[in-house]
Amino acid sequence: MQKVTVSGVQFARAAYYLAAIGFHWALFFTNIGNYYHGGTPFEWVALNTVAVLIVLSALRLVPAVRMPQKILIVLCAAVPTISIVWVLAEMVRR
C-alpha cells in the first residue's frame, strides 16, 4: 500500500478554499456579521477577522500556485477584500 502525502501548499490551498467558501456562505446566506441588520458587534468583528486571514492567506498562496489557481484564489479573495475596505472606510468616516 502506498502512502499518501499532502504537501504544505496543497494543505494550505485546501484550507484556504474552505475558509473562503465558508466566508462567502456566512456573508451572503446568514445574518452573521450583518451589524446593521440584527447582527452583534462580536459577529461583525469575527467575520472581518476571517476576511483579513483569507486575504493574507491569498497573498501567501498566489506565488506558490499555477496561473489557473491564481485566478481562482484572487476571485475568492475579492469579496473579503471589499469587506475589509468597507470596514476601514467606515472607521475613517466616523
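Cβ coordinates come from backbone N, Cα and C, glycine included.
TrEMBL lists 14-32, 44-65, 71-89 with the feature transmembrane segment.
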The transmembrane segment (44-65): which same-chain residues, six or more beyond its ends, come within Cβ distance under 8 Å? 9, 12-13, 15-16, 19-20, 22-23, 26-27, 32-35, 73-74, 76-77, 80-81, 83-84, 87
Can you tell me which parts of the same chain pack against the transmembrane segment (14-32), counting only residues 6+ beyond its ends and a CB-CB cutoff under 8 A? 6, 38-39, 43, 46-47, 50-51, 53-54, 57-58, 61, 73, 76-77, 79-80, 83
Within the same chain, the residues 6 or more beyond the ends of the transmembrane segment (71-89) and with Cβ under 8 Å of it are 13, 16-17, 20-21, 23-24, 27, 47-48, 50-52, 54-55, 58, 61-62, 65
